[in-house]
Amino acid sequence: MSDWKVDPDTRRRLLQLQKIGANKKCMDCGAPNPQWATPKFGAFICLECAGIHRGLGVHISFVRSITMDQFKPEELLRMEKGGNEPLTEWFKSHNIDLSLPQKVKYDNPVAEDYKEKLTCLCEDRVFEEREHLDFDASKLSATSQTAASATPGVAQSREGTPLENRRSATPANSSNGANFQKEKNEAYFAELGKKNQSRPDHLPPSQGGKYQGFGSTPAKPPQERSAGSSNTLSLENFQADPLGTLSRGWGLFSSAVTKSFEDVNETVIKPHVQQWQSGELSEETKRAAAQFGQKFQETSSYGFQAFSNFTKNFNGNAEDSSTAGNTTHTEYQKIDNNDKKNEQDEDKWDDF
C-alpha cells in the first residue's frame, strides 16, 4: 500500500493564499479563517459551508481541505487564479444576491459561466461569455425560499445572517429550546406513569404487569405457592391425594437414608390413625397405605440383612485384632442396641 501524504509545498501555498484579502473569510457566511476550498470556483469556505457544498453534487461543486487533502496541479492553479474577491465581483456584476442559499447561488447559468471563465484563465484561452436570454437573476430571490427548505438546517441558519448576530442570538435560542425540551420530557414521563398505574400488579413487566422499581418481583400466585408445597408430607396433601402423597413419602425415604421411620410415623401415620379407625378415609387411601407398608417392609428387611452381614464381617475382623479388645466390645454393644431399635421399629410397623 502506497504511503499517501499531503505535499508540504502545496499546503504552504494554500495557506499563503488563504491569508490574502477576501480569502481570510468564508465566501458564503463570512466566518474567519476558512480551512476548506471549492476548487471549481477557486474560493475558500468554512467547514460548515463545505458540508453544504458537498451536498450540491460534484457537477456543481466539490470541496478539499487546505491542510489535510492533496490538491491536483490544475486544482491548485484554479485556487491561485481565482479567489473569493473575483468570484464576489462576478456575482455582483450579474445581479446575483450573495445572501442566497448555496443551492441557488451556485446552480445557475451565471455560476457556470464563472467556472468556464476560470478554466480559460488557467489554460490561457480567451473566454467568451454566453448570453442567457431566458435567465433573469432577479427571479432567484423568489425561488430562494423553496430552495432553502430543501437545504440542511445548518444552511438555513447561516443564510444572509452575519456571524456576529448568529452568535449573539445563540444563547437565547438554546435556552428556549432547552425549556421546551424539558417540558416535553416531563409530559412524556407523566404519561408513562399513568399507563403504568393501569397495569396489573400480579404479572411481571415482561407480561404486561406494573413496573414496581429496580429489582422488584411480583408475589407468586396462590396456585404457584400451593404447587411448591405439594411435595411435602402434610395432612392437607394426604387428604387431597393419599396415594400420591404416600408415593412421594416413599421416594423421599428411599433416596435419603437418614430419614428415619419416626419422621414418617409422626408426619403421616399418627395424624390419620383416628380417621382410619373411624372409617373416614376411603378405600383408595387404605389400599395406598397397604402398598406403602409392603414396600417398606421389603426394603427394610433387605436393609437389615445387609446390615447384619456387615456386622458379621466387622466382628470377624475385630477378633483378629488383639490390641482393640475393649473398644471392640463397646462397638458390639452399640451395634446390638441399634439392632434392637430397628427390630422395635419393624414391630411397630407390623402392628400398624
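Just so it is clear, glycine is given a Cβ too, placed from its N, Cα and C backbone atoms.
Features reported for this protein in Swiss-Prot:
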type: COMPBIAS; residues: 138-151; note: compositional bias 'Low complexity'
type: COMPBIAS; residues: 331-343; note: compositional bias 'Basic and acidic residues'
type: DOMAIN; residues: 11-127; note: domain 'Arf-GAP'
type: MOD_RES; residues: THR151; note: phosphothreonine
type: MOD_RES; residues: SER157; note: phosphoserine
type: MOD_RES; residues: THR161; note: phosphothreonine
type: MOD_RES; residues: SER168; note: phosphoserine
type: MOD_RES; residues: THR170; note: phosphothreonine
type: MOD_RES; residues: SER260; note: phosphoserine
type: REGION; residues: 138-181; note: region 'Disordered'
type: REGION; residues: 196-231; note: region 'Disordered'
type: REGION; residues: 315-352; note: region 'Disordered'
type: ZN_FING; residues: 26-49; note: zinc finger
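Looking just at the domain 'Arf-GAP' (11-127), the mean pLDDT is 93. Taking Cβ pairs closer than 8 Å, the zinc finger (26-49) reaches residues 14, 17-18, 60-67, 71, 75, 78-79, 81-84, 86-88, 102, 105-106, 111, 114-115, 118, 154, 158, 162-163 in its own chain, all 6 or more past its ends. Shown for the domain 'Arf-GAP' (11-127): DSSP residue counts in helix, strand and coil, namely 60 helix, 10 strand, 47 coil.
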